[in-house]
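A short write-up of the structure that comes next.
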Amino acid sequence: MIKASKCNKARALFLVRTSIPRTFIRNATSAIPTTVKLKDLSSLPPLTKSLPTNLPFLMPDTLHNLLRFDSKKEKQPSTDKSNDKDKPSRKEKGKDKEKENEERKDINEDEKYDIKEETDSKPTIDPNNPVSSKSSISSSSGGANNNNNNDDSDGRDDDGSPKDKEFLSPSDAGLHPPFLAIAMKDRPFLPGATRHLHVTDPEVIKCVNHMINSNIKSPYFVLFHVRDTNSEDAALDVIKDRDFVHEVGTLCQIIKTTGSEILVYPHYRVKLVDISTPNSRSERIEMEQDNSQTSYLKKFEVSYAVTQQLKDEPYDEQSITINAWTRRIKELYEKLAPKYEQPENKEEIMNNPSMLADFIASKVHAKPEQIQQILESSNVETKLELSLQLLQVEADADEMRQTALKNIRERTEKAYAQSLIKEYTKELLKAAGIGENSKVHKFDERIKHLKMPEEAMKAYKTEKERLGTQSDMEQNVVERYLDWLTQIPFGVYTKDSFNVKKAREILDRDHYGLKDVKDRILEFISVGKISGNVDGRILCLAGPPGTGKTSIAKSIAEALNRKYTRIAVGGVQDVHDVKGHRRTYVASIPGRIVTALTQAKTSNPLMLIDEIDKLDTTSHGGAARAFLEILDPEQNNSFVDNFIEVKVDLSKVLFVCTANYLGSIPAPLRDRMEIIEVNGYTKNDKIEITKRHLIPAAAKKVGLEEGRVVIPDETILRLIDKYCRESGLRHIKSLINRIFSKASRKIVEELEDTDADPHSREIVEESLVAKENESVISDKAKKDAGSSSIESNDSNTEAKVSTTTENEKKQEQKQKQDEEIKKLDLPADLKIEVKPETLKDFVGPEIYIKDRLYETLNPGVATGLAYNTSGDGDALYIESILTDSISSDLGNAGLHVTGSLKEVMKESASIAYSFAKQFMVRQFPDNRFFEAAHIHVHCPGGAIPKDGPSAGIAFTSSLVSLALNKSLPNDTAMTGEITLTGKVLAIGGLREKSLGAKRAGYTKIIFPKDCEYQLDEIPDEVKEGLTYIPVEWYSEVFEHLFKGISKEEGNSVWKEEFAKLEEKKKSKKTHTV
């Protein structure tokens, strides 16, 4: 039941929100008893001050229901005042003003009557469900209907009977009629603030326009947030199924539409009860929809849902937690208030905890999941806590921003003040004619020792004049340019030394072996001595890693008495790295060439361009083109760096390049170089280098005297064979260092064990005491000598010394001893010997366990030879087998190749297969092996990529061996490219392959006759014990590998298998007939 005061308020409410004459309302409501049931009032959307006053929240039909008219509904005038095509005249305005004054007078009378009614009957407060005594029917502007008000907001009358079933009125089960349901991916909408919604689905847009244009009295929809915002369908407006969205959303009213943009006002939170989608229609909703005012939704392919209003749980207004959090939120909000647009009902929001939580959550920056969590919460305390957390993060971020802005402002003001002081000081010094620029003086002093060309001197003077007339930033650029320009050693040269004898001594001192390399270098120096210079010569040291190319370049520089400088160009792809950046760029510097000259401080250094084969040529060859100019004797006398912008003469520079693989160097660059190949070291060379250089260097590095760690030749040999087979010395050097590190640890542990033995400790202490006595005596003698000199020079010193007590002296001496790190004194007889049997205790288990994969070769297995870019040679085994027996009559003869083979090696295998078939037909015509054999050829070591044509004769021999079912000799390895006609072509790396064959125990090597010239490059110690068999055609290879085989033997190998095959074929024919 509702009292008369509520009727009066409702009457005033209709007057404000509608255009119905007030006199009509007063006359109508005066006849209503005070006990009338008002079923529609609480179900209406809550009002808000932020919406337009001309928005018709209550339709005329609702008014008739309120007045309980049973007669036919009359058409009421439109309340839409937004269309103002016909502007009122001045007379009409005057009448409206008089009417407004009359209505205001009536409102004042109603308010007096309401105050009297409220005084007569004060609302009671339930302790479990506190209410606000300030209003009885008002709801929050955010639309959150609290249970705190003892009014009709629960959707039922005082007697518990259900209300009228208008479009917002809940059913008997407390459910709303079906509404249009829209899914959204962005931040969820919270009640109480007008928002813009963007929709893209054409059906949804049509439905919304229909609701607006058809004057539907229920322009409402429910909005739900998508669960998975990262899914492909997250941007859809139509809900696919119930699990597609969260269960809690908001009921929104459409205010205005503009294309795909909808201005909406979220009223309150709703819970999803049932949903009907275009893909899955709900029978329950469809049946109810037929009699519903929203039945028009069936016309569109949209989703619509039955919802239930989600109300806040009751809470205690006196709760300490709620009051504390509310107070803290208000404090933080006041600090951040300038950032946010202030609502008109701010006071009402601040006094309602639920509205305050929604308002704060709608303002702060947060993830959609966090806002959804607040939206789903019915507990006011929880909502406040979550909103406070978000607001606290916002406040902390704002504080950090303010601090950063303050620091920036302070730095800016300080820099401005410093610049003013600097300019003021500069003007004073200029006016006084004093204060010579120290930097300019430094530049002038530098050029006195240089022979700058005219172009460089002109640039220097021009830039020098600009100093003092530019801004600070520009002046820094000028100073940096002059600094670099005056560091270039124009006209500064070192005198060359062409002493061949001295050069030989330096090369022999620093390098063991490498006879061919040393001879080439000495020839180079001899030519320079005859011609008087080595200008225009560009050397390239090519060889495997770790063979000493860089150290050879240093020895050449020392032999020629030139400065040494190094440029690493591995991976360089930008031409500006070589030629510098222009001064217009921030923090630009010269390129690597000019920088190397400034480091060498001479114009004729030996400049090592290291790893030139690693130069990145993918970026349009920019860096490679720059080196074409630098390494060309006809062009490098006028090299121009982009930063310096003056010509620099590089013709006197001796360029030495290093590379591991010549094929990676661009051909134009390679043509400008004089190639000196630095091959790998032999086994004997490695042993001698280890003894002469690596062991002493490792002992010095760990602080041990030579002889403390003994490594015999047998141990070094085992280290080379089982751990370090590459041509270089880097790996063996690291292993030697590891041996000395382990030996140092063993020595320390052994001494610690000795300290634990009393007898041994006494011996060690006696030796240490004797050493200390010797040091004390020497220190005393020095002290006596020093004290006599002090007495003669200063008479007061003796008095000062006497004042120092003995205890202080002892403390100082002890402190000095603690601070000093003494070297460990080792007994003279303490040594560690690394034997071959104990080598694995120092460097770990052996890497190369077997030298040969096959001790005895089976038919179809051949031994080839291979080598890699690191200079390591090894045996390459070729295995061939039959995948099916010849008598199986499968009819799939062919070749299948595996073993991580690249394109060239696959082609080599195909060529060998074609030639082997032709060769067997010619040599053994009755051997029909290749007619029915499906062969699988494999190269062991599948993880290692293999390429190259040099395994051609090995492939052929493997196939012929399988066809003849005869094994190849165990002592013979082979290398050479094969052609379709059986010609054996030249290959490379014969020296490395010979090392691999000898290490694997092979004594004979079949190689192309065209490679006989390479035998002269192989050291005698490598050729010792090897027999080289040069061949020109494969028939010569066959004679060496298959000696004594007759035609009858070769023709009859597979006769039985082919006989069985023929019988099978005959039986098949008979069966078919």
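Counting begins at 1 with the first residue displayed.
Positions of Cβ are set from backbone N, Cα and C atoms, glycine also.
Annotated region 'Disordered' per Swiss-Prot: 69-173, 775-821, in sequence order. Under the heading compositional bias 'Low complexity', Swiss-Prot lists 132-150. What Swiss-Prot records for 177-395 is domain 'Lon N-terminal'. The compositional bias 'Polar residues' feature in Swiss-Prot is assigned to 790-805. What Swiss-Prot records for 856-1044 is domain 'Lon proteolytic'. Taken from Swiss-Prot, the feature active site applies to S950, K993, supported by sequence analysis.
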Other C-beta atoms that fall within 10 angstroms of the C-beta of K993 (active site): 27
CB contacts for S950 (active site) [other CB atoms within 10 A, all chains]: 29
Length of the line joining the Cα atoms of K993 (active site) and S950 (active site), in Å: 11
Mean of the pLDDT scores, which run from 0 to 100, over the domain 'Lon proteolytic' (856-1044): 90
S950 (active site) in three-state DSSP notation: coil
